[in-house]
Amino acid sequence: MAAFLPTMRVAAILLAAGQGRRFSAQTASPVAKQYLTLGGRPVIRHAADALIPHVQILQPVGERASLDEALSGLRAPSGCTIAPCVPGGETRQDSVRAGLEALDRLPEGEKPDLVLIHDGARPYVPAEVTRAVIDALSAHGGAIPGVPVADTIKRVRDGVITDTVPRTDLYRAQTPQGFRFGLLRDLHRGAAASDATDDAALLETAGHHVAMVAGSEDNIKLTYKEDLVRLERLIGPTLLPRTGLGYDVHAFAEGRPLILCGITVPHTRGLAGHSDADVGIHALCDAIYGALAEGDIGRHFPPSQNEWKDADSARFLVHAGERIRARGGMLINADLTLICERPKIGPHAQAMRERLADLLQVGVDRISVKATTSERLGFTGREEGIACTAAVSVLVP
Ligand SMILES: Nc1ccn([C@@H]2O[C@H](COP(=O)(O)OP(=O)(O)OP(=O)(O)O)[C@@H](O)[C@H]2O)c(=O)n1
Ligand SMILES: C[C@](O)(CO)[C@H](O)COP(=O)(O)O
């Protein structure tokens, strides 16, 4: 191995172009399984992190915007390149071929000698499994990891067992599967219409030897929701996106300061209300409580309680932010629109964003504050009050 590895250029094709139909059918997840968050990072990101120490080129295959986001901040060790992602195809085999062709377009001298094909939906491949695959390629055209089948295997037709299949030489195939680059490229070019579910099958059919090395029971492919439960035990909880909407209105009142989104805005009048009447924070709190399905601001801070009279609404927002964290979640972003003719919000929008971000303990890039008039129509148009809408996205286990 010591003599073999340093002379070989190894690439990994990371597959992420699947739709995860089996998983979505069970869970109705709006997010493709490879982009679900496990332990704070997307599934595909775990897979990339696991592969990258072993390769000189990482070639992601899938939809560019999703992959760029999921892999953002991924640092390649020196001597390793993360190639621009290429779109996948209709089948897994089409996607592998797209990755191989992208690698083949590299200039001579930069093309890999060996290629690993890895499911982006396998986030927990142990380093020793990847090493064993690469090592086995010193003696074989292909090598794949697998685990021996432990259960008794039955063939069943129409609900009735037809026979018992001897299991002594049966293995469950995993990835990364490793190959001589030129060999796999040529076999894929000649096998466009085959329905192989893995890459080793192409070599087997063509009569090449493929070595089986020790896989791992932890090298789980996220296929069904039961797999997610097992992966969560290994890596951490899955965060799913949720959305909340909030809306609030307060009437203008003489003799009160105007508090909007946590800051005092110079104006001729303030807003009337039981608390400080911060219409922006109230709409934002309702959006957060809505995303968590935890009622509304009135449930947490009833206007009937004197305790909240003239209260600083910043306290309400701190509470809403704490509720996200208490649920093990995180705020993705919040977008507020203040609706008023006057005062002009633009000059204060940045200070409002910073204050809200501070109260929620998130980066200011996650908070948007904008404004519109209602073209002098309705109560906001007549300057009787200010309205605010808020939308938030959160990730929650
Ligand atoms: N056209 C496809 C199909 C699959 N894959 C990738 O191949 C890996 C393994 O495939 P599988 O688990 O079958 O994924 P899906 O095809 O997404 O799942 P399903 O069959 O349930 O739709 C996954 O990382 C998947 O994203 C791909 O890149 N292109
Ligand atoms: C390549 C693979 O991961 C080996 O187990 C598998 O074949 C992927 O596709 P499948 O459709 O989930 O079998």
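From the backbone N, Cα and C atoms, a Cβ is placed for every residue, glycine too.
Listed features, source TrEMBL:
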REGION    1-241  region '2-C-methyl-D-erythritol 4-phosphate cytidylyltransferase'
SITE      Arg167  site 'Positions MEP for the nucleophilic attack'
SITE      Lys221  site 'Positions MEP for the nucleophilic attack'
REGION    242-397  region '2-C-methyl-D-erythritol 2,4-cyclodiphosphate synthase'
DOMAIN    242-394  domain '2-C-methyl-D-erythritol 2,4-cyclodiphosphate synthase'
BINDING   Asp248, His250, His282  divalent metal cation binding site
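Features recorded in TrEMBL, as mapped to the structure shown.
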| residue | record | Cβ contacts under 8 Å, 6 or more apart |
| --- | --- | --- |
| Arg167 | site 'Positions MEP for the nucleophilic attack' | Pro148, Val149, Ala150, Asp151, Thr152, Ile153 |
| Lys221 | site 'Positions MEP for the nucleophilic attack' | Asp119, Ala121, Arg122, Gln174, Thr175, Asp227 |
| Asp248 | divalent metal cation binding site | Val279, His282, Ala283, Asp286, Ala387, Cys388 |
| His250 | divalent metal cation binding site | Leu271, Ala272, Gly273, Ala277, Val279, His282, Gly385, Ile386 |
**OP:** Measure from the Cβ of His282 (divalent metal cation binding site) and count the other Cβ atoms within 10 Å, all protein chains considered.
**Re:** 27
Subject >> Where His250 (divalent metal cation binding site) sits in the secondary structure, as DSSP reduces it to three classes >> reply: strand
Original post:
Using the Cβ centroid of Asp248, His250, His282 as the reference point for the divalent metal cation site, which residues of the same chain not in that list have Cβ within 8 Å?
Top reply: Val249, Leu271, Gly273, Ala277, Asp278, Val279, Gly280, Ile281, Ala283, Ala387, Cys388
Original post:
Which recorded positions from the list Arg167, Lys221, Asp248, His250, His282 come close to ligand 2, meaning a Cβ under 6 Å from one of its atoms?
Top reply: Lys221
Subject >> Integer average pLDDT (0 to 100) for the region '2-C-methyl-D-erythritol 4-phosphate cytidylyltransferase' (1-241) >> reply: 94
